[in-house]
């Protein structure tokens, strides 16, 4: 009896939501967003103030002029995850982003974990951007706001609270939350304006670098560094020299810079949350994701190249790299254009951070994993107004009082975890037999179409079995007998993909914890890394040999299974770079989430209600299928 109860409980944790039909379904949200709206939303969310600051830090401390290579590698790494999001956007045109993608593939528990961490990521991102906006504006007017606040309302509490309450950031979040509550179309219009101004400023910066830049700044020598030391009044103002030239810090510097630049491309996933508000989601979401990533790469590439051409990398001011670079070449007034671009970039990034949160909350509440009242959609604005207001209030409170510097890495874990699960889900679904599709908006009446259990397919999907018995393991793994996916091949890919993630976790653990010993020639670590690498290649080969689904989609990820495997490796490696303190805070957030899930979500989910009230027709259909289908074990 105990084993049966545990088995039923385990089945609840891995219940999967049926795939959504490719055709657009009715939704309470308004389908009003064009492809241009999605591109502006993705660019605005991704191309934030980091482009004005991050390039200076990486160029001076880590990579020098080779920062353009760092952004190229980081862009390629981000594109791997972006392509997986694009395929799911074409396959499942619904709100929920990575939460929904995980729900239809790996089950309810991991879907809740994904959605819960997306909420954390977006809320922290919105609050941190609001404080950055406030700080940037304060800097333009001589820091009068911060000085007055620290004098009038000092917070003498060390730990997670800020030094002073930021009323400006509080008001900014509340205003933008109100704009978002008015409707998706209005939000997209505001984002389009801010993003357009930001792109114009960045194009101006890139062209200025070509006009005023000197190619000699990519070929600096030790003599140039000594001359700069003599001209500088403060030797501390200069950064490290390295070996000079285009790659002053070598390959190691490029890798360190790439890891930092990767986070500059985070934000495009907000496009995936617009599945029920885009006019043609199967086409607009993939095109919006790929286009926005390409535009962001061009801007990062152009700005970083212009910066390192205008000023030697070791003379870059980390806090204000572009204004100081313009002063260095005699274009001092151009810093005002940079200031306008910074504020516009922060504004569009703030909208892009707040916009997806209520969509994820709405999708989770509609599925019953969060409180159902949060799924309320206003009849006039067609927005999840309660979820929008609640998330805006939380973000405003955090921007008002909380010191967010220690929480930024925490939000990165949620994003990387979501990227990993989406990539894993694409890898799984491409090799599964076609499932019975259902609409995004599930019919609650008894006349609704029957949805088959995951893994239970008509007999036409079954792999033929020879009279001598089941096919051999080696033959099944390397030489499948079918040209279309079967239950057996689907289970093989599911198991191999899970093993692939485990092997990559071990490999990344060695690379992050014992990298010095590994590259120093430790024979044990080299043998372990080589063995893991060979096993990984073998598992990828087995997955590659299995038949893929031929279901037509508007977009499909190329180079399966190599591209998803590389994406998973990059995401896991970056997650393992996080500190132990970040993982501890992540654990606290997950404990809160599990309390909500096991206390409310697992009992009120729609899948739970469907299990408790099976229709007579579905039972009869399942019985007929079982009578005409060979006995197999359900996954």
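Cβ coordinates come from backbone N, Cα and C, glycine included.
What TrEMBL lists as transmembrane segment is 66-86 (among others).
Positions annotated as transmembrane segment by TrEMBL: 98-119 (among others). Beyond the transmembrane segment (98-119), the same-chain residues lying 6 or more positions past its ends with a Cβ under 8 Å from any Cβ of the stretch are 12-20, 85, 88, 92, 269, 272, 275, 356-357, 360-361, 363-364, 367, 369, 391, 413-415, 417-419, 421-422, 424-425, 428-429, 589-590, 593, 596-597, 601-602, 605, 607.
A Cβ distance under 8 Å defines the sequence-distant neighbours of the transmembrane segment (193-211), meaning residues of its chain 6+ beyond its ends; these are 40, 43-44, 47, 51, 295, 299, 302-303, 305-307, 309-310, 322, 326, 329, 331, 334, 337-338, 340-341, 344-345, 347-348, 351. Annotation comment: TrEMBL describes 193-211 (among others) as transmembrane segment.
Within the same chain, residues 33, 38, 41-42, 45-48, 50-51, 54, 57-58, 62-63, 66-67, 69-71, 73-75, 77-78, 82, 85, 88-89, 92-98, 100-101, 122, 184, 247, 281, 285, 288-289, 292-293, 296-297, 300, 349, 352-353, 355-356, 359-360, 412, 415, 418-419, 440, 570, 574, 577 sit at least 6 positions outside the transmembrane segment (254-275) and bring their C-beta atoms closer than 8 Å to a C-beta of that stretch. According to TrEMBL, the transmembrane segment annotation covers 254-275 (among others).
Remote same-chain residues near the transmembrane segment (287-316) are listed as 35, 38-39, 41-43, 46-47, 51-52, 55-56, 58-60, 64-65, 67-68, 71-72, 75, 78-79, 82-83, 85-86, 89, 199, 202-203, 205-210, 212-215, 217-218, 220, 224-225, 228, 237-241, 248, 261, 264-265, 268, 271-272, 322, 324-326, 328-329 (criterion: CB distance under 8 Å, separation of at least six residues from the stretch ends). Per TrEMBL, the feature transmembrane segment maps to 287-316 (among others).
Among the features that TrEMBL reports, transmembrane segment is placed at 336-362 (among others).
Residues or ranges marked as transmembrane segment in TrEMBL: 383-404 (among others).
As annotated by TrEMBL, transmembrane segment applies to 410-429 (among others).
What TrEMBL records for 492-512 (among others) is transmembrane segment. Taking Cβ pairs closer than 8 Å, the transmembrane segment (492-512) reaches residues 420, 424, 427-428, 431-432, 476-477, 518, 525, 528-529, 532-533, 535-536, 539-540, 542-543, 546, 561, 565, 568-569, 572-573, 576-577, 635 in its own chain, all 6 or more past its ends.
Marked as transmembrane segment by TrEMBL: 524-545 (among others).
What TrEMBL records for 555-605 is domain 'Cationic amino acid transporter C-terminal'.
According to TrEMBL, the transmembrane segment annotation covers 557-576 (among others). Non-local neighbours of the transmembrane segment (557-576) in the same chain are 77, 80-81, 83-84, 86-87, 259, 262, 412-413, 416-417, 419-420, 423-424, 426-427, 430, 497, 500-501, 504-505, 507-509, 511-513, 536, 540, 543-544, 548; each lies 6+ residues outside the stretch with a CB under 8 Å from one of its CB atoms.
For the transmembrane segment (582-600), same-chain residues at least 6 beyond its ends with a Cβ under 8 Å from one of its own Cβ atoms are 109, 112-113, 116-117, 120, 369-371, 406-407, 409-410, 413. For 582-600 (among others), the entry in TrEMBL reads transmembrane segment.
Annotation comment: TrEMBL describes 609-635 as region 'Disordered'.
The compositional bias 'Polar residues' annotation in TrEMBL covers 612-624.
Pairs of Cβ atoms less than 8 Å apart link the transmembrane segment (383-404) most often to 336-362, out of 336-362, 410-429, 524-545. When averaged over the domain 'Cationic amino acid transporter C-terminal' (555-605), pLDDT in the model lands at 89.
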